[in-house]
Amino acid sequence: MTNDVIRIVVCGDEGVGKSSLITSLIKDTYVPNIQKLLPPITIPKGFSSSPDAPLSTVIVDTQFSNSPAEAEHLHREIRQANVIWLVYSDHYSCERVSIFWLPYFRNLGVNLPIVLCANVFDDVDSWNSRDSERIISDEMIPILREFKEIESCIRVSAKLNHNINQAFYLCQKAVMHPIAPLFDAKEGKLKPNAVAALQRVFFLSDRDQDGYLSDQEMLELQVKCFGRSFDATDLIQIRAQLAKINPALATERGVSEEGFITLNRLYADKGRHETTWGILRTFHYTDYLSLSDQFLYPKLDVPENSSVELSPEGYRFLVDLFLLFDKDNDGGLNDSELKTLFKPTPGIPQKWLDFNFPYTTVHDEQGSITLQGWLALWSMTTFLDYKTTMAYLAYLGFEGDNSKKRFSGSSVTVAMTTAAAAAARLTAFKVTKPKKRRSRPRPYYRATPNDRSVFNCFVLGSHMSGKTSLLEAFLNRPLMTDIYKPTIRPVSVVNSVEMTGGKQCYMVMEELGQQEAAVLSNAARLEECDVICYTYDSSDPNSFSYIDGLRRKYPVLDTLPCVFVALKADNDRQQQRFDLQPDEYTKQIRIAAPLHVSSKWPSSVTELFIQLAEAAQQPGRGLPNQDPEEETNTIMPFALAGGATVLLAAAVAWIFKNVRVAGRE
């Protein structure tokens with residue numbers, strides 16, 4: 001519930017007992033002589049025994065008049081209300097409910113829940129008579145069917161002080177636990193948004209993903225949502241009730257998803273929808289059956305020039321998810337398993353589809369995403385758009401320590417507030433230190449990043465130089481055809497790279513296609529790039545000149561580390577029609593000679609990706625036109641300072657020793 005204060009406006013014809021009802025509620029007894037119109041009354045939280053009660057409830061008494069001023073006052077009060085307590089007392093005022101009052105509320109344009117109250121029974125004997133059922137059937141049910149804004153109806157007596165507290169609770173309940181978002185009374189079934197929300201609750205509660213909530217899982221859900229356990233008889237009754245409707249809803253394995261939905265439909269149908277709301281709010285749903293932006297996207301402070309990566313906790317959660325949904329234990333998630341995994345989410349992330357999923361990362365021969373590819377995809381998504389990962393972790397139920405218990409088999413019996421759950425999700429991420437630049441006579445260049453494990457590489461080169469083949473080789477896939485197809489849209493792939501010494505990082509490689517000029521002119525996009533892979537076709541004499549043209553057109557590229565690569569090295573090498581041959585060219589700009597690579601030589605491909613990763617991690621070594629000593633020169637002042645300190649300390653020690661010797665003599 002988002003209302004800290006509930007405002008109840010009491011409406012009805014003159015003389016139906018509105019003021020008497022309010023007085024009896026406050027005094028807990030009937031007061032015969034009261035003023036015609038009571039002032040607004042504030043009732044504190046402690047007045048109600050419900051743990052979900054608002055901080056305060058304001059009850060506003062009203063009267064209807066043809067006076068323009070009083071009519072405007074009534075309009076204003078109704079527009080400020082959270083719920084309307086509509087009272088009638090006899091046949092005439094009952095007729096006025098459907099003829100005047102309910103159309104009047106609609107004409108005002110308000111969409112408020114209404115509690116219909118019959119304040120007519122002052123004879124004690126009448127409460128137990130059959131007339132009671134007849135009155136409900138004849139008077140109230142037709143109105144309920146015609147006007148869906150009526151949440152509930154109740155018979156009360158101000159004189160006997162009967163059912164007034166219950167009527168007040170129904171008004172609070174109409175705001176705290178509204179039936180309208182959940183249940184379609186005319187159709188007698190839950191609304192689609194309610195079904196979707198409950199399906200997500202079922203998904204997150206079905207810890208072993210067998211399609212049923214076992215007794216243990218039902219108990220854990222009950223304790224998590226309401227802080228108390230079921231009795232054994234309660235579970236038996238629930239199962240029996242569902243099995244009576246359809247045996248498939250509750251079997252020996254537990255309650256099925258359809259059975260769980262049916263159970264909540266029964267709650268709503270019987271006026272126990274506060275139970276359903278208790279479940280939904282535990283899983284952070286708003287009154288509109290959505291997950292709020294505050295929950296999906298908690299604030300994460302990311303300094304300028306910093307990036308966001310997954311933390312060990314985030315990777316662990318994603319590994320656990322992969323293993324849970326790899327039902328056939330073949331080491332890959334097929335289409336069916338992916339569909340099941342993403343069921344509680346909006347679907348496969350749009351970012352993945354934009355990058356031509358599933359061809360963006362590593363998959364097996366059957367097209368199933370491997371664990372390596374799964375983690376690489378999320379690493380790329382987090383690096384490029386961490387808010388997407390943040391939202392999907394929310395949909396999939398990441399809650400810090402609670403997530404560890406969920407996969408380890410421990411009971412998850414502590415519900416987290418929406419704010420706490422959002423804050424716990426931040427533990428799935430780490431923010432890297434801001435990218436720094438070192439100054440030198442030429443343009444700035446980036447300092448060595450020492451806390452990053454995800455890097456971005458732009459693959460640049462002439463048409464037909466082999467860029468697409470290189471990206472396919474990065475994913476350990478052969479090129480499907482030798483027929484050249486120009487890359488139109490940008491293509492991104494991601495995979496892990498194991499470097500010398502066993503350290504692993506993730507590399508996102510982008511071929512820019514026809515958007516190359518736009519990307520290279522965009523400072524923000526260039527800031528995302530950590531290393532450039534300049535490619536040329538070693539068997540095409542006109543291929544290399546394209547690289548020099550790019551560097552001249554976009555001088556800013558020289559502020560990024562780069563690796564030159566001669567592709568198609570298995571073909572006969574041709575002299576390049578350019579002023580300098582590639583080896584001479586790279587020597588002139590003081591970087592390593594081109595690496596000769598062929599997709600038919602796996603070891604050469606592996607070596608290239610290692611060099612790209614190392615260039616991204618140590619950008620000073622791959623920058624064009626840098627003197628060899630410049631990278632080490634940045635350390636020299638500290639080394640000299642350290643050496644001077646050591647010499648000074650030695651000199652002081654020598655002087656101190658000689659002074660002591662002289663003193664003794």
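For all residues, glycine too, the Cβ spot is worked out from N, Cα and C.
Per Swiss-Prot, the features are as follows:
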type     : residues                               : note
BINDING  : 12-19, 61-67, 119-122                  : GTP 1 binding site
BINDING  : Asp206, Asp208, Asp210, Tyr212, Glu217 : Ca(2+) 1 binding site
BINDING  : Asp326, Asp328, Asp330, Glu337         : Ca(2+) 2 binding site
BINDING  : 461-468, 498-502, 567-570              : GTP 2 binding site
DOMAIN   : 3-177                                  : domain 'Miro 1'
DOMAIN   : 193-228                                : domain 'EF-hand 1'
DOMAIN   : 313-348                                : domain 'EF-hand 2'
DOMAIN   : 452-618                                : domain 'Miro 2'
TOPO_DOM : 1-634                                  : topological domain 'Cytoplasmic'
TOPO_DOM : 656-665                                : topological domain 'Mitochondrial intermembrane'
TRANSMEM : 635-655                                : transmembrane segment
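This view paints the features noted in Swiss-Prot onto the structure.
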residue	record	DSSP (3 states)
Lys18	GTP 1 binding site	helix
Thr62	GTP 1 binding site	coil
Asn119	GTP 1 binding site	strand
Tyr212	Ca(2+) 1 binding site	strand
Glu217	Ca(2+) 1 binding site	helix
Asp326	Ca(2+) 2 binding site	coil
Glu337	Ca(2+) 2 binding site	helix
Gly461	GTP 2 binding site	strand
Ala569	GTP 2 binding site	coil
| query | Of all the binding-site residues given, Met464, Met499, Ala569, which residue's CB has the most CB neighbours within 10 A? | reply | Ala569
| said: Across the domain 'EF-hand 2' (313-348), what are the DSSP residue counts per state (helix, strand, coil)? | reply: 20 helix, 2 strand, 14 coil
| query | In sequence order, which residues at least six apart in the same chain have a CB under 8 Å from the CB of Thr62 (GTP 1 binding site)? | reply | Val9, Val10, Cys11, Lys18, Leu37, Leu74, Glu77
| Non-site residues, in chain order, whose CB comes within 8 A of the mean position of the CB atoms of Asp206, Asp208, Asp210, Tyr212, Glu217 at Ca(2+) 1 | Ser205, Arg207, Gln209, Gly211, Leu213, Ser214, Arg253, Gly254
| said: With an 8 Å cut-off on Cβ distance to the Asp326, Asp328, Asp330, Glu337 Cβ center, who else from the chain surrounds the Ca(2+) 2 site? | reply: Phe325, Lys327, Asn329, Gly331, Gly332, Leu333, Asn334, Ser368
| message | Please list, in sequence order, the residues in the chain of Glu217 (Ca(2+) 1 binding site) that are at least six apart in sequence and whose C-beta is under 8 Å away from its C-beta. | response | Ser205, Asp206, Arg207, Gly254
| query | Roughly how many Å separate the Cα of Asp208 (Ca(2+) 1 binding site) from that of Gly12 (GTP 1 binding site), to the nearest whole number? | reply | 54
| field | Under 8 Å by Cβ from Lys467 (GTP 2 binding site), same chain, sequence gap 6 or more | value | Val459, Leu460, Gly461, Thr487, Glu511, Thr535
| remark: Gly502 (GTP 2 binding site) falls, by DSSP collapsed to helix, strand or coil, into coil
| query | Closest of the binding-site residues to Gly12 (GTP 1 binding site), Cα to Cα, picking from Asp210, Asp328, Glu337, Met499, Gly502? | reply | Asp210
